[in-house]
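Q: Below: one structure in structure tokens.
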Amino acid sequence: MANVPDGVPRVLLLLSGKRKCGKDFLADALLQRLGTDRAQIVRISEPIKRHWAEAMGLDLAALLGDGAYKERYRRQMIEWSDGRRQEDYGVFCRAACTTIDRPICIVSDVRRQTDVRYFREAYGPETRLRTVRIEASEQVRHGRGWQFQAGVDDVQSECDLDGYAEWDLVLTNERPDGVGELLDRLVQLVEC
């Protein structure tokens, strides 16, 4: 079993989905709904981007954002991080989890089966693990700025969970007026 950080959360909510499906948007909205006194967001990509920013002299805040700057380096970050994961599949999950200090932890960017495996092994029965797949059509994702990129959208970091079937909840995030309903369902999943 992987090493568990000291601050074991009561609930771990793992969010997964394709680029521009709205994972970060829903994670941020859910955090607002739950409150920062009892919930927090953890991003597996944060330690990857932090390393990349330090190694390459890049702007970490821009890499953590949702813009063209990050997209310029995405493929290189994927390739580098895949090499690190071959050595230790949980390296980035473990690094991201060092900041957990709230009873509810939202992991906003689960992308691989090994990510789910890490959380199941590390947090086991002490924590209620909930897995959520967020979906949106390519047309909707295009409207949010997504464009297919070879080497990004057709590799493990985007496709490894496509065939995963053990989701606790699957949400379709396509209607701006449907966000409240999606948040209600997420809160219900966290609170049950």
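Placed from the backbone N, Cα and C atoms, the Cβ positions cover glycine too.
Below are the features listed in TrEMBL for this protein:
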type: BINDING; residues: LYS18, ARG19, LYS20, CYS21, GLY22, LYS23, ASP24, ARG144; note: ATP binding site
type: BINDING; residues: ASN173; note: substrate binding site
Q: Greatest CA-CA distance (Å) over the residues LYS18, ARG19, LYS20, CYS21, GLY22, LYS23, ASP24, ARG144 that the record ties to ATP?
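A: Among the residues the record ties to ATP, max Cα distance equals 13 Å.
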Q: For CYS21 (ATP binding site) and ASN173 (substrate binding site), determine the Cα separation and express it in whole Å.
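A: Each residue's Cα considered, CYS21 (ATP binding site) and ASN173 (substrate binding site) end up 7 Å apart.
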Q: Quick one: Cα separation, ASP24 (ATP binding site) versus ASN173 (substrate binding site), in Å?
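A: Their Cα atoms are separated by 12 Å.
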Q: ASN173 (substrate binding site): which of the binding-site residues ARG19, LYS20, GLY22, LYS23 is the nearest Cα neighbour?
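A: Going through ARG19, LYS20, GLY22, LYS23 one by one, the closest to ASN173 (substrate binding site) is GLY22.
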Q: Which residues, sitting 6 or more apart from ARG19 (ATP binding site) on the same chain, put a CB under 8 Å from its CB?
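A: Result: ARG141, TRP146, VAL152, ASP153, GLU158.
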Q: Counting only other Cβ atoms and using a 10 Å cut-off, which of the binding-site residues LYS18, LYS20, LYS23, ARG144 scores lowest?
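A: Ranked by other Cβ atoms within 10 Å, the binding-site residues LYS18, LYS20, LYS23, ARG144 bottom out at ARG144.
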Q: Which residues, sitting 6 or more apart from GLY22 (ATP binding site) on the same chain, put a CB under 8 Å from its CB?
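A: Same-chain residues close to GLY22 (ATP binding site) (Cβ under 8 Å, separated by 6 or more) are ILE134, ALA136, ARG144, ASN173.
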